[in-house]
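S.K.: Below, the features straight out of Swiss-Prot:
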type	residues	note
BINDING	74-79, 121-124, 157-166	FMN binding site
BINDING	327, 361, 391-394, 409-411, 415, 424-427, 604	FAD binding site
BINDING	524, 525, 530, 531, 532, 533, 534, 566	NADP(+) binding site
DOMAIN	68-206	domain 'Flavodoxin-like'
DOMAIN	239-453	domain 'FAD-binding FR-type'
């Protein structure tokens, strides 16, 4: 409400007080106004609530409270979630706190800060998340300011199965230290089961921040500052998922396809959950009871043994099915089991980081345990395992099209290991173990780094081979329902046209109606020489360049290991050739597209 409107309402202030407020407000920025509102609220809760306005204004200007700034660099939302929890805990502890998306934070402002915590995930091959590219580059440039007065902490999130584990967090730590900043707490690098150690680190960090701020400004009125960007609110979350209903699980690859890809439909009716194109759905799943039994047999346990999980005593069998990751191996598991079993093969792998990473990334837990049989205690077994985490799937529907449903495109992991068939955890849960009508626990993971342009007239280029097509089904449904005038160009690729053309009928319908203006496909095994989406991009290089000149946004979804790199290289070649630029200039041009959010990727 504007201050000038106060006089027309039943206000407890007299005209002189209103005039004083108007005068003070005219000289303050929006952030300062928000601070003042919190300051006055704090005064109202104390015995000094009758302090005159002019005295309060003087207090605001002469005794600003120290604050903690939290910056999150997040690709899929995990780092954002940790940062939001940190912000809430700081506010509850009476610490003035402000939360920033890294894309909204200007690096030069660090010189004015006293206490900062950065929560950073790592994208692809050690790259900064899209929302942190600009800040990441700034801090390693000559423009980075001296930060002698800054005290900082860093939480890195990652997956130890990858070579550049928590690299972005390590980078920020190094950048800040180089500029003279002092860590008030040691950086922590957290694996996929990060929740418990992250909570402990947050507690330690906030204890140190509270003590430091108290000593800096004993008399300052501590208030809570606003979050830099409004967060999505819902009663359901990763920690409190919604129990939804599976409506459909339909195979959409041909009977002779080497792949089993499912179109999944889930009912959200009554949940209040909302999502936008580009968001992901988190799915909590249960492990295969048969796999749990096989693991127990391999290590000489029955499953009846009691183990403590989250303060509760449950059977080991139940723990393996519901609480622990028993499908995918990881380097730590391989290294620890090498010690427990005395396996020479595993010991040799553990001594070579590259081979260890490759082995653990392509091997399931049961196959690691089968390298050499060893009898374990229940505690030793669960000590080897990570906690179960939900799987995130790109949402393949627009809510403007499907209303109270959410659709997924799930590639079922299934392959032979010797004489045994191995299955993926979440994908086999959704495709084989759940029946239509069964419950499934889900939550929405918002992704602000993969969003359609706000301008409906902007052209869009979508590159999504395989199940990477999922978000683009959502994009096109949304653009259709919004009557967006912008052109849409889809690149899709897979193995065989007759077996693996996902949602073929839908794309042909959209092409015929003009919603999709151009569709280019690459089926790698339909000819002797393999053809992939990056080849189609290069074939249409002149047209791609023209679309970029017309303001097109480029989106890439799918495999990070090869496809995303090859597409990135193809885009650089397009810019170099048709933009008449040097290689270095072309790389910079593509990088500027990313900074401007005109080149967005959801790769995994």
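Cβ atoms are placed via backbone N, Cα and C, with glycine included.
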S.K.: Would you say which of the binding-site residues 121, 327, 524, 534 has the most Cβ atoms within 10 Å of its own Cβ?
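M.R.: Top count of Cβ atoms within 10 Å goes to 121.
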S.K.: With DSSP as the reference, give the number of residues of the domain 'Flavodoxin-like' (68-206) in helix, strand and coil.
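M.R.: Counts, helix then strand then coil: 58 helix, 32 strand, 49 coil.
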S.K.: Among the binding-site residues listed here, 391, 525, 530, which has the most company in the form of other Cβ atoms within 10 Å of its Cβ?
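M.R.: In terms of Cβ crowding, the pick is 391.
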S.K.: Using a 10 angstroms cut-off on Cβ to Cβ distances, just flag whichever of 426, 531, 533 is the loneliest among these binding-site residues.
M.R.: 531
S.K.: Can you tell me the three-state DSSP label for residue 531 (NADP(+) binding site)?
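M.R.: In the DSSP reduction, residue 531 (NADP(+) binding site) maps to coil.
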S.K.: How many neighbouring Cβ atoms, not counting its own, are there within 10 Å of the Cβ of residue 604 (FAD binding site)?
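M.R.: Counting Cβ neighbours of residue 604 (FAD binding site) within 10 Å gives 18.
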S.K.: If you run the three-state DSSP split on residue 426 (FAD binding site), which class comes out?
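M.R.: For residue 426 (FAD binding site) - judged by DSSP and reduced to three states - the answer is helix.
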S.K.: I need the CA-to-CA distance for residue 426 (FAD binding site) versus residue 159 (FMN binding site), whole Å please.
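M.R.: Rounded to a whole number, the Cα-Cα distance is 18 Å.
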S.K.: So if I measure Cβ to Cβ from residue 165 (FMN binding site) and keep only same-chain residues at least 6 apart in sequence, which ones fall under 8 Å?
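M.R.: Listed in sequence order: 122, 158, 159, 189, 191.
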S.K.: Going along the chain, which residues six or more apart from residue 77 (FMN binding site) have their CB under 8 A from its CB?
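M.R.: For residue 77 (FMN binding site), the qualifying residues are 280, 445, 446, 447.
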S.K.: Nearest to residue 391 (FAD binding site) in three-dimensional space, by Cα, is which of the binding-site residues 74, 525, 534?
M.R.: 74
S.K.: Indicate the candidate from 159, 566 with the smallest number of other Cβ atoms within 10 Å of its Cβ, considering only these binding-site residues.
M.R.: 566
S.K.: Residues with Cβ closer than 8 Å to the Cβ of residue 424 (FAD binding site), same chain and 6+ apart in sequence?
M.R.: 327, 412, 413, 414
S.K.: Please work out the number of neighbouring Cβ atoms within 10 Å of the Cβ of residue 532 (NADP(+) binding site), leaving out its own Cβ.
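M.R.: Other Cβ atoms within 10 Å of residue 532 (NADP(+) binding site): 19.
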S.K.: Quick one: of 162, 393, which of the binding-site residues has the smallest count of other CB atoms within 10 A?
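M.R.: Lowest Cβ count within 10 Å among the binding-site residues (162, 393) is 162.
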